[in-house]
Amino acid sequence: MTDKIAVLLGGTSAEREVSLNSGAAVLAGLREGGIDAYPVDPKEVDVTQLKSMGFQKVFIALHGRGGEDGTLQGMLELMGLPYTGSGVMASALSMDKLRSKLLWQGAGLPVAPWVALTRVEFEKGLSDKQLAEISALGLPVIVKPSREGSSVGMSKVVAENALQDALRLAFQHDEEVLIEKWLSGPEFTVAILGEEILPSVRIQPSGTFYDYEAKYLSDETQYFCPAGLEASQEANLQALVLKAWTTLGCKGWGRIDVMLDSDGQFYLLEANTSPGMTSHSLVPMAARQAGMSFSQLVVRILELAD
């Protein structure tokens, strides 16, 4: 008798719409691979009842809070249900850009200079020291919520007088916000599948940076896989990504986003432990380059669930 698989999709985070698309694609791919899979939306179904509903395994196609941040993973562990992707701690750390950066920095891995602010600090007014630290980053900077995905709440700030509005927007989505030095080179993403590192993808957005619209709505964003790196650069990138992945304790599948700055140095941006699986998504693109169909990819991700 084959396992009955729940594909968790939708949910209640800011990335609900993306997750619905991801989940629908995953569901179709699993069924194509002969898997007995069913959609479950935590917004509409009590996921504490998954076991009593007869499910033996869970494919997490949720993005953002409540699906990618360790809370759901902890619940599934208490229920004794195997699930795809990283465990509780690695999921929580990867969702938190600030703590990811602190860990990577502590491990000697390259990250862009940044300043972190809390909502309380912002509301009471920034100190001279904080203002000096922000000023030292130069312009432009990227302002982003620490625990939000899909570039939700993110802004590029090119003038000092635009910083307050960018911070206000970011603080609508989180209690902690990062202000990062702008890196001028191309962005890459590298997918990991079990023990295998897939070919890197180079991202060329039509606008000034890879925001929500460029990720999910624009047909003008260009993706290159292979990424066009020299063999030695690709090897360096893969080695960096593997170190970043293991430092956070990630497993199963996911991807890590990286920038190549004008100085020729790769800088780690963030880890994604439940990446998008839509028509614009990058893990399926990398898997295709490695000779794997979408259906084979999702079946393999499910096989890695524990």
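Cβ atoms are placed via backbone N, Cα and C, with glycine included.
As annotated by Swiss-Prot, active site applies to E15 (among others), with the evidence given as similarity to another entry. In the three-state DSSP reading, E15 (active site) counts as coil.
Per Swiss-Prot, domain 'ATP-grasp' is recorded for 101-303. Computed over the domain 'ATP-grasp' (101-303), the whole-number mean pLDDT of the model equals 92.
Feature annotation from Swiss-Prot assigns ATP binding site to 134-189; the stated evidence is similarity to another entry. Counted within 10 Å of its Cβ, the other Cβ atoms near V141 (ATP binding site) come to 25, all protein chains included. In three-state terms derived from DSSP, V141 (ATP binding site) belongs to an extended strand segment.
Marked as active site by Swiss-Prot: S150 (among others).
Residues or ranges marked as Mg(2+) 1 binding site by Swiss-Prot on the basis of similarity to another entry: D257, E270. E270 (Mg(2+) 1 binding site) is surrounded by 21 other CB atoms, counting those within 10 A of its CB over all protein chains shown.
A strand conformation is recorded for E270 (Mg(2+) 1 binding site) in the three-state DSSP classification. Among the features that Swiss-Prot reports, Mg(2+) 2 binding site is placed at E270, N272, with the record citing similarity to another entry.
For S281 (active site), the count of additional Cβ atoms within 10 Å of its Cβ stands at 23 [all protein chains shown]. In the three-state DSSP reading, S281 (active site) counts as coil. For S281 (among others), the entry in Swiss-Prot reads active site.
Once Cβ contacts within 10 Å are tallied over all protein chains shown, the recorded positions E15, E148, E176, D257 are led by E15.
Ranking the recorded positions E15, I134, E176 by Cα distance from D257 (Mg(2+) 1 binding site) puts E15 first.
In the structure shown, across all protein chains, N272 is the one of the binding-site residues S155, N272 with the greatest number of other Cβ atoms within 10 Å. E176 (ATP binding site) has E270 as its nearest neighbour among the recorded positions E15, E270, N272, S281, going by CA to CA distance.
On the backbone, the CA of S281 (active site) and the CA of E270 (Mg(2+) 1 binding site) stand 16 Å apart.
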